[in-house]
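Enquirer: Encoded as structure tokens, here's the structure I'll be asking about.
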Amino acid sequence: MHLRLISWFFIILNFMEYIGSQNASRGRRQRRMHPNVSQGCQGGCATCSDYNGCLSCKPKLFFVLERIGMKQIGVCLSSCPSGYYGTRYPDINKCTKCKADCDTCFNKNFCTKCKSGFYLHLGKCLDNCPEGLEANNHTMECVSIVHCEASEWSPWSPCTKKGKTCGFKRGTETRVREIIQHPSAKGNLCPPTSEARKCTVQRKKCPKGERGRKGRERKRKKPNKEESKDAIPDNKGLEPSRETPEQRENKQQQKKRKVQDKQQKSVSVSTVH
């Protein structure tokens, strides 16, 4: 009798546990399927589902759909990720994807950074920059063409020749200018920064230490008057140079001719008397 009562007690207890577990699982399924229930939602979701993720977000958060394979999952973020722009509505804050050629954007019509191979100009991404602009490959933007700018010419330098300013008549003078703005890739090239031209000066003697090389050489070549007198050879007191046999024979013949001429003159005088 006691054994029969105990067995019935365990049967009834197991049946009650089974009914309770069924009611609990039914309640969990109902809560997951109900769209207004937020129990168990993670990451700032106000409402969610196991299959689609977040369905709505808490205040100030942005709702964005992320693609995972063939499936899109709702996510709530404090700011929109790169490639999306945020728009706030009364009932939801939403992230929308930028255009295909845009990396980051302010809204659907204004890009702030283009993807590789495109140049940014006035909020749009272009393959080539418009006329009058050039592409900056560093910033990937269309920028204005910059031409070279140079300063005014300096005054002409003193007339010089081989670094000297005296001791000559013709020399060279120069002037220079500086580059203020270097050109961009398509800008006009810079002009020459120096010029030189021939010049003439009034002849003037150089101070000591500035005389040119030619002037010093000329001074060395000009002898003094006393030195020139001393340089004249004095033949007095010099021994006569030795004569060659031919010179002696010529002198003897000249003497004979003179003697013969005198004899002829004397004979002619005697015949006249």
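A Cβ is built for glycine as well, from the same backbone N, Cα and C atoms used for every other residue.
Annotations for this protein, taken from Swiss-Prot, read as follows:
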type	residues	note
DISULFID	C41-C48	disulfide bond
DISULFID	C45-C54	disulfide bond
DISULFID	C57-C76	disulfide bond
DISULFID	C80-C95	disulfide bond
DISULFID	C98-C105	disulfide bond
DISULFID	C102-C111	disulfide bond
DISULFID	C114-C125	disulfide bond
DISULFID	C129-C142	disulfide bond
DISULFID	C148-C190	disulfide bond
DISULFID	C159-C166	disulfide bond
DISULFID	C199-C206	disulfide bond
REGION	201-273	region 'Disordered'
REPEAT	92-135	repeat 'FU 2'
SIGNAL	1-21	signal peptide
Enquirer: For the repeat 'FU 2' (92-135), report the average pLDDT of the model, please.
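Expert: Reported value for the repeat 'FU 2' (92-135) is a mean pLDDT of 93.
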Enquirer: Under 8 Å between C-beta atoms and at least six residues away from its ends: which parts of the chain pack against the repeat 'FU 2' (92-135)?
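Expert: Long-range Cβ neighbours of the repeat 'FU 2' (92-135): 56-57, 60-64, 77, 80-86, 141-145, 184-186.
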Enquirer: C80 (disulfide bond) has how many other Cβ neighbours within 10 Å of its own Cβ?
Expert: 21
Enquirer: Radius 10 Å, atoms counted are CB only; among the disulfide-bonded residues C76, C129, C190, which position scores highest?
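Expert: Result for the most crowded candidate: C76.
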Enquirer: When neighbour density is defined as the number of other C-beta atoms within 10 angstroms of a residue's C-beta, which of the disulfide-bonded residues C45, C57 has the lowest density?
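Expert: Checked C45, C57; of these disulfide-bonded residues, fewest Cβ neighbours within 10 Å: C45.
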Enquirer: Using the alpha carbons only, what distance in Å do you get between C102 (disulfide bond) and C159 (disulfide bond) once rounded?
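Expert: Computed Cα spacing between C102 (disulfide bond) and C159 (disulfide bond) is 63 Å.
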Enquirer: Reported as an integer number of Å, what is the Cα distance between C80 (disulfide bond) and C111 (disulfide bond)?
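Expert: So the alpha carbons of C80 (disulfide bond) and C111 (disulfide bond) sit roughly 15 Å from each other.
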Enquirer: Whole-number answer please: how many Å between the C-alpha atoms of C41 (disulfide bond) and C114 (disulfide bond)?
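Expert: C114 (disulfide bond) has its Cα 36 Å from the Cα of C41 (disulfide bond).
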Enquirer: Work through the disulfide-bonded residues one by one (C57, C95, C114, C159, C166) and name whichever has its CA nearest to the CA of C190 (disulfide bond).
Expert: C159
Enquirer: Taking each of C48, C111, C142, C159, C166, C199 in turn, which of these disulfide-bonded residues have a Cα lying within 10 angstroms of the Cα of C98 (disulfide bond)?
Expert: C111
Enquirer: List, in sequence order, those disulfide-bonded residues among C105, C125, C148 whose Cα sits within 10 Å of the Cα of C111 (disulfide bond).
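Expert: For C111 (disulfide bond), the disulfide-bonded residues whose Cα atoms are within 10 Å come to C105, C125.
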Enquirer: For C111, C125, C148, listed as disulfide-bonded residues, tell me which one has the smallest number of other Cβ atoms within 10 Å.
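Expert: Among the disulfide-bonded residues C111, C125, C148, the sparsest Cβ neighbourhood within 10 Å belongs to C148.
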Enquirer: So which disulfide-bonded residues are near C114 (disulfide bond), with CA atoms within 10 Å, out of C45, C48, C57, C105, C129, C148?
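Expert: Taking C45, C48, C57, C105, C129, C148 one by one, the ones whose Cα falls within 10 Å of C114 (disulfide bond) are C105.
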Enquirer: Quick check on the disulfide-bonded residues C105, C159: which one has the highest count of other Cβ atoms within 10 Å of its Cβ?
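Expert: The residue with the densest Cβ neighbourhood is C105.
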